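Features of the protein shown, as given by TrEMBL:
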- 1-59: disulfide bond (DISULFID)
- 1-79: domain 'Phospholipase A2-like central' (DOMAIN)
- 5: active site (ACT_SITE)
- 6: Ca(2+) binding site (BINDING)
- 8-52: disulfide bond (DISULFID)
- 16-45: disulfide bond (DISULFID)
- 38-50: disulfide bond (DISULFID)
- 53: active site (ACT_SITE)
């Protein structure tokens, strides 16, 4: 989920202007009956980022929680 989200945000740079920072850009969305909907009032950049986050949220929702990963060594397992 995280890798796909990071790749999506990298692609957002081609859609968003150089002044838009994807990780801090706000957008409009709604959530109803466990369904996330990105607002049609979002501009192209906001819509792209919203869909990146929406896709990640759905991925996380499907993934099981691994109790063994509670204190995972991020330096060892998450660095590139």
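Each residue, glycine too, has its Cβ placed from N, Cα and C.
All TrEMBL annotations are machine predictions without curation.
As the structure is a computational prediction, the values presented were derived from the model and not from experiment.
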What DSSP gives for residue 38 (disulfide bond), in three states, is strand
Just the number: how many Å between the Cα atoms of the residue listed as 'Ca(2+) binding site' and residue 45 (disulfide bond)? 16
Going along the chain, which residues six or more apart from residue 1 (disulfide bond) have their CB under 8 A from its CB? 56, 59, 60, 63
So how many other Cβ atoms are close to residue 16 (disulfide bond), meaning within 10 Å of its Cβ? 19
To which of the recorded positions 6, 53 does the lowest count of other Cβ atoms within 10 Å belong? 6
